[in-house]
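As recorded in TrEMBL:
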| type | residues | note |
| --- | --- | --- |
| DOMAIN | 255-651 | domain 'Acyltransferase 3' |
| SIGNAL | 1-17 | signal peptide |
| TRANSMEM | 180-203 | transmembrane segment |
| TRANSMEM | 259-278 | transmembrane segment |
| TRANSMEM | 298-324 | transmembrane segment |
| TRANSMEM | 353-371 | transmembrane segment |
| TRANSMEM | 415-434 | transmembrane segment |
| TRANSMEM | 446-470 | transmembrane segment |
| TRANSMEM | 490-509 | transmembrane segment |
| TRANSMEM | 529-549 | transmembrane segment |
| TRANSMEM | 569-591 | transmembrane segment |
| TRANSMEM | 603-622 | transmembrane segment |
| TRANSMEM | 634-660 | transmembrane segment |
Amino acid sequence: MLPQIVSLAAILTAAQCFQLNMTQFYEMPQLYDLDDYDRCMQELDGETSSYCFVRAQVQPDESVAAWRAIAEISRYDRHHFDHRQLYFGLCLRECEASLAGLDDAELESLLPGLLTENEKVNVYLGLFAMEAQNREQHQRLTSACLNWRLKRRGFSLRAKSVVEYCDEAGRVVQDDAWNLTFYGLLCGLMVLASLGSLVDLLLKRRRHDKMLKERDHYKTPPKSLAQQLLLTFSVARNWYRLNQEPNGKIGRELRFLDCFKFFSMFMVIFAHTNWVIYESAISNPQDPERLLHTAAGTLLVSGSLITVTFFVISGLLLTINWLAVARTLQSKAESWTFLQYAVLFVKFNVFRYIRLTVPYAFVLLLSGVYFDTAGGPLWRHIYEREQLACRRNWWTNLLYINNFVQTDERCLLQGWYLAADTQSFVLSLVLLMLGHRFAKWSKQLYAVILAIFMALPVLLTYALDYYPIFVPTPQTQKDSFIGDRQFTEFYTSSLMNFGCYFCGVLAALVYDQLALKQYKLRELRSFQLLWFALIPVGILWLFTAHPIFQHYYVAPSAIWGAIYAGLQRNLWAFGLSIFIVGMAGKVGWIFRKFACLPIFRILGRLTYGAFIVHLLVARIVLATVREPIYFGTGMMFAFIFFTMTVSYLCSFLLAIFLELPVSSLLKLMR
Ligand SMILES: *[C@@H]1O[C@H](CO)[C@@H](O)[C@H](O)[C@H]1NC(C)=O
């Protein structure tokens, strides 16, 4: 153990040695050059004015110091932005004024050409297809304008460019079918909620039962079916449902999971808010770039392991539900027919689909709604990109195939998780049914499946030459993960994640066996030791990505890389499963006490809603920036705190008005 710690410490300190040469850094042009948007839109003098957002790519020229700096710094693409990519916000009026004194020959020298070869930019151009006319009309002017600016600032660089979109003053939002559908739905929900709440109130008045406390009324189910249907939308009733104590032994033993969910979601929101800050404009890109060279950078990168928590919990809960259902039916019949399995399979899937999809579809609808905004040079680049992608590709989300279909135009990017989770759910259910049908062979079956899905990431990584870890590079995040093969094929594919999900399934089976045999894990000294050891080991495990991520010059050897790729997530999931089984067995001292606090009951239940809305929330503020913002700890945490709070508030509304009514309707259908 000691040598490992020493070598780890050595690696950690070695990595701090990377020094960004700041003299060289300031030889490069700034990533952003944004004209005053509000002035351009408001100072009209009777003429119309356009403001264009233009993407530019610096062309190579070895004789220029600025290009050498760009090439040298962008070489570290895992840590640094691609400094060839420049973002211009140009007020056309100012452009015309600045070019007024130039003759034709000078103008011609400022036109290095149209940027056509950048695949990521082309995806944006495809989405903003309605801007084709603006693009053609303003191409010459913007190209000359931005190259003239580069020249005037002393960079003897030339940049190919293309207009992404142009804004004109006084644009009004037209309500179209999509918007109207959303507003209609919103009204419908409001009406149902008010109606349900009113009926509930009347029923309570009518009851006149002195013995019955206020809240008991809301907890007792009404008599007739019609009342039951209406009351699913009652706000007061849903508030109590949100608060409800877990019932049953299993529910009580597993209530610490709510805390896990909440903290994992905090991490997810943390990482995603950072991503959206990268996507908008930063005035000091050197600081996040330097941060990524440190141990904190490694933590940020291997923090993607947090997602595994959700896979494990998800597999666990599926299996617990399955076991409960299988037990209740078991007593009735000896052996099930194929038809019984099929019916159960459909039922499980349909119920899960409805429960997940109704709130998800609502948020999808919301994310495609056009509305009046403060706008800004980057608004459409950040927010409307999402709106357009959602209007085009919402169906991939609803079919839960968005982790492999239309991956360049993703709507609600975090939805890849739901897709991978759904695919894993279906597969696991089939496996559990097979294990149930051929109970004699179930152990062998599960062992083989586990072995296959532990080995599969290794083989795929080796065969398809993936990088051993998923690195969300700054430029990848800036480009909203467009065209990132590693993200699409390595990180979000359900084949790569199924091992983790299956660990959760196995954890539930183990937990179930322990409960049946009334085995007291807590009394086992060695298990206690193992359990507490998992915490420091888990933290160290995050740092094992350090040598790979901070490996500057040589690529890691293919075979070890592949093995690490297989182990990173799967071992984490395996450890987490042991951790969860232990905690369910009441191991964990104050950690368990803390995780069982009642506050997490509500927060844990709001996790799903927060997960589906948080990116919209993060984008809606960051998309209105006019000037590049300073990326610092304080600012970062302010944004994270804001995104977190607003996401949970939105999730609360979503739960009261939509999620909980749907889940109680489903209960009525059972
Ligand atoms: C930093 O970059 C400048 C300009 O390219 C160069 O002159 C200087 O030698 C570099 N310093 C170091 C320490 O490499």
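Glycine residues also receive a Cβ, built from the backbone N, Cα and C atoms like all the rest.
On a predicted model such as this, the values are computed, not experimentally measured, just so you know.
Taking residue pairs at least 6 apart in sequence, the transmembrane segment (634-660) and the transmembrane segment (180-203) share three or more C-beta contacts under 8 angstroms.
Here the transmembrane segment (634-660) has long-range neighbours at 189-190, 193, 232-233, 235, 238-239, 241-242, 266, 269-270, 272-274, 277, 355, 358-359, 362-363, 603, 605-610, 613-614, 617-618, 621-622, meaning same-chain residues at least 6 beyond its ends whose C-beta is under 8 angstroms from one of its own. Non-local neighbours of the transmembrane segment (353-371) in the same chain are 173-176, 178-179, 181-182, 185, 386-387, 390-391, 394, 397-398, 411-412, 415, 418, 422, 608-609, 612-613, 616, 654, 658-659, 662-663, 666; each lies 6+ residues outside the stretch with a CB under 8 Å from one of its CB atoms. When pLDDT values are averaged over the domain 'Acyltransferase 3' (255-651), the model yields 93. As a quick check, the transmembrane segment (490-509) and the transmembrane segment (298-324) clear the bar of 3 or more Cβ pairs under 8 A, pairs 6 or more apart, so the two touch. Nonlocal intrachain contacts for the transmembrane segment (446-470), taken as residues 6+ away from its ends with a CB within less than 8 angstroms of a stretch CB, comprise 301-302, 304, 431, 435, 486-487, 489-491, 495-496, 498-499, 502-503, 505-506, 509, 545, 548-549, 556, 558-566, 568-570.
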